[in-house]
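Enquirer: Shown below is the structure under consideration.
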There are 2 protein chains.
Amino acid sequence: MAVVRQLKLGAFMRPVSIHTGAWRYPGAWRDANFSFPRLKYLAGRLEAARFDAFFMADHLAVLNMSTEALRRSHTVTSFEPFTLLSALAAVTSRIGLVATASTSFEAPYHVARRFASLDHLSEGRAGWNIVTTSNPDAALNFGLEDHLDHDERYARAREFYDVVTGLWDSFADDAFPRDPESGTYVEPERMRALDHAGRFYRVRGPLNIARPVQGWPVIVQAGASEAGRQLAAETAEVVFAAPNGLFDGRELYADIKARMARLGRDPDHLKILPGAFVVVGDTESEAREKRARLDSLVHYENAIGSLSIALGHDARGFDPDGPLPEIPESNASKSGRQKTIDLARRENLTVRQLAQRLGGYGGLSFVGTPATIADAMQEWLETGGSDGFNVMFPYLPGGLDDFVDKVVPELQRRGIFRRDYEGRTLRDHLGLPRPANRFFPSGA
Amino acid sequence: MAVVRQLKLGAFMRPVSIHTGAWRYPGAWRDANFSFPRLKYLAGRLEAARFDAFFMADHLAVLNMSTEALRRSHTVTSFEPFTLLSALAAVTSRIGLVATASTSFEAPYHVARRFASLDHLSEGRAGWNIVTTSNPDAALNFGLEDHLDHDERYARAREFYDVVTGLWDSFADDAFPRDPESGTYVEPERMRALDHAGRFYRVRGPLNIARPVQGWPVIVQAGASEAGRQLAAETAEVVFAAPNGLFDGRELYADIKARMARLGRDPDHLKILPGAFVVVGDTESEAREKRARLDSLVHYENAIGSLSIALGHDARGFDPDGPLPEIPESNASKSGRQKTIDLARRENLTVRQLAQRLGGYGGLSFVGTPATIADAMQEWLETGGSDGFNVMFPYLPGGLDDFVDKVVPELQRRGIFRRDYEGRTLRDHLGLPRPANRFFPSGA
C-alpha cells in the first residue's frame, strides 16, 4: 500500500496576525497582543484541528519604523515567546510549541536551559526557531553600537547551535535513578561538562536540567541566503521558508535537500514549510474581497516602513510613483532584499505598489475557496515544493476559524492531513528521529 | 476599629523541597523536578490556602559541589523559573508568581521583557527576585573566568534595576487606544526610549511590550549584607530575609525600615519575609521525629559541600570533629558567611555538626504543632520581627499539605491571615502601591 504524503502544518502567529491592517478588520481581536485568554482559544482551536505546531515569531525592538508607521502598527508589542508558549503548554496537550530565540543577543546557557525546560513542561513539544536578528535597532537594546554583519552573524549562530545542543546532551537519558534506598539521585558518571571554548563562546556546562524529553527540541530555521541554506542543511529539522511561488519553492526545496544528502543527512529528516498567507472565502470573489478589504486598512506609512526594512535602506525618499531605484548593499537579510527587488521587477511595481504589497503582507498567499486552497497546497506537496506550510492567518480569530473549519476538513478528506495525532511529541508529529546523545550514545 | 496586622505568606519552592534529604522521605515526590502536574497540584493547594506568592528559587550551575555530594542532590536540576511560572500562571488565577533572575548573567532588556510578559499573562501577579549570583561556578557557564566581587555585583545590580524599571515605564498606561476608526493603535507620544548609558549598561529602549499590569512587577530581594540592606531599602518591596532567630530578625527589620524612612520611603511599602522551614506535627514529639528522620537522610558529602558554599571556602580538609577554623575573606555572600561562622560559635558546633545542620537546612525553623507554629509566627509579626514568612516545606507534597491543612486554618482562626483574596494582583495581596510611571506620571 502506497503511503500518501502528508502535509505538516504550523501556525505562524503574531498575536493579532502578521498583516499590518489585521487589527482594524471587522471582528478582529484588537487586544490579543496581551490577552492570554485569546491566545488560549487560538491554540486550542489549532490543536483540535491537529496542527503540528504553534509557531511564535519575535523581534527585539520597537524603533525600526517611523513615528507615523508605529502609530498604526500592532506588530511591535506583544507577549515574549517563552513566557507565552510555557503558559500555552499548560493548557494544551499535543500541539508543538516553537519559540524564536536570537543567537546574536542571548547567552547559549540561558537558551539551552529555557528550551529544555519548555520541553519538559510540555512533555516533548518544544521547538527552537533559530534567528540571527538582522534588525540593527535591536543591537541598541543590548549595548551594541555596531551590528554584526551577515556572515559574522551566521558564524556565531553555528557555534551557538553547537553549544546549545551540546548542553542538552549534558545528562544521559538514564542519568537520574532517584533511588531512595541507595541515596543516589543522579549518577555523575552519566553527566558531562561540555567545556566548550570556541571563537565566540566559552561555556563549561553541564546544563542544570535533565536531557529534554525529545533529546533535543526540534531545530527550526528560516534563512534562505547561501549561509542560511548551508546552516539549515547542516542543522535544521524544519525550514520556515519564504519563497514567492512554486518555482522558487521547488528550487529551494531541491537545493536544501541535496545539500543534506551531500552532508550524509537523510533528506526526510528536514521538513520545508513555506510561510503561506491564507484567505478563505466560500467563493473566489468573496476571498478576493476579504483580501482587498484587509489591504485597504494598511496605512502608507507602514507600507513604506516595511519596504525600508526589507531593503535595509530608507525608502521614504523614493518617488512613490516611480520604479524602484538601484539599492546599495547593506546589512539587511540578503535573501529578503533580493526577493523584494525581484518582486518589483517581475510585476513592474511602483514604489507605492510595492510598499503597499509589503506593508500588508508581501509573501506567498493563497486566496480562494477551501477547494482551491487545498489544490494549491496539494500541488506544492506532490511536486517537490514543500513538506507542508507555516500558515499565516489574515486576522484573528476569523481567519483562523475559517482555515480550521473549512480548509482542514478538505485536506483531511483528501487524505493529505491527519485526522488525529499519532504520537505525543513534536518530533512524532513531524516524523523526525530523536537525536542520539553525543556523549552517551547508548543511553539516547 | 483596630486593624489586626496580617501575615504575608510566600512559599519558597524548589520543586522537591529545599532540604537535601527531602526526596528520600517516605511518600515524597521524587520526580517533581521535571513534572509539571506535580507543580500544578502544589501551586493549586497554595492558592486555595490564599498564599500571597509562589516563589521560585534558582541557580545557574551544577558543578558547585563534589561528585559524591552531587550524586545525592536533587537541588541542582529543575525547571527554569520563567517557563515554570508562566505555565503555572495559566492554571492559577490569584497567587503571585515570583521568579528569580540574576543581574550578573542576564541582559536587562530580556529580563524587563520576560517579567512584563509574565505580568500580562498572569494579569498582574509577577514578582522579580533580584539576585546577584555569588556562585563562581555560574560565571564559567557565561564565558567569564573571573567572577565579579561582592561590591561590584551590587553596583551592577543597582544599575540593572534602574534599566529594567525604566524599560517597564516605556509606555504610558493609556498609550494603546487601538482605535480602528482613526487607525491609531499606539500613540508614539505616550512612549519613551530610555536611552540609558551607564557604567555597566547601554540600553536604548523602548521595551517592546506594554506597561505591566502592576506598573512594575513586585521587586524582591534577599541580600542582608551592608550593600544588600541598602539596595533593599532603596528598591525592594519584599525582602526575603534569612535571620537565624527573632533577635536577628528584629535587628534586620528595624534597620531596613529605618533606612527606608531616611530615604523618604514609607516603611509599609516593603514587606520583610524571613525564610522559615516549617515541620508540622500533631504533637511536639511527632514534629521533632519528622525533622530528625528527615535530617538522617542527608549524606555527609552534601553536608560538607553546603558548608563549603556557605563559607566560600573548601571545608573538606577541615577536621570533622574539631571546631570551625578561622576562614579567610572570599567572594562568597558576606552575610551568609558570617551567619555560618556565628552559628558554629554560638552553638559550639563541630565541623561535622555544622555541616549536617547546613546540609539539611541550617536556617530559621519552626518545628511543632499548628498552635506552637502559629504562636511563633504571631510573635514575629507582633514584635517587629517580620511582616510574614517565606515558608519552606520539608518535603512534598506531605509537608506542604500539613501546612495548608493544619497551620493556615489556625492562622485564619486567630485573624492574622486572610480567608480570601481581597484583590487580584500580587501588589493587592501585599498592600503595595502601584508605582507611578517616571515618564508619564499622570497616566500611571
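From the backbone N, Cα and C atoms, a Cβ is placed for every residue, glycine too.
Because TrEMBL annotations are produced automatically, they should be read as predictions rather than curated entries.
Keep in mind that this is a model prediction, so the values were computed, not measured.
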Enquirer: Given that TrEMBL lists A:ASP58, A:HIS150, A:TYR154, A:SER225 as binding FMN, which residue among A:THR20, A:THR100, A:THR103 does it place in the same site?
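Expert: TrEMBL names A:THR100 for this FMN site.
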Enquirer: For FMN, with binders A:ASP58, A:THR100, A:HIS150, A:TYR154, A:SER225, what's the maximum Cα separation in whole Å?
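Expert: Binding-site diameter by Cα atoms for FMN: 20 Å.
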Enquirer: Out of A:THR100, A:SER225, which has the highest number of nearby Cβ atoms, where nearby means within 10 Å of its Cβ, if these are the binding-site residues?
Expert: A:THR100
Enquirer: Mean pLDDT, the domain 'Luciferase-like' (A:25-385)?
Expert: 91
Enquirer: Give the sequence-ordered list of residues that share a chain with A:ASP58 (FMN binding site), lie 6 or more positions from it, and have CB atoms under 8 Å from its CB.
Expert: A:GLU80, A:PRO81, A:ALA99, A:THR100, A:ALA101, A:SER102, A:VAL131
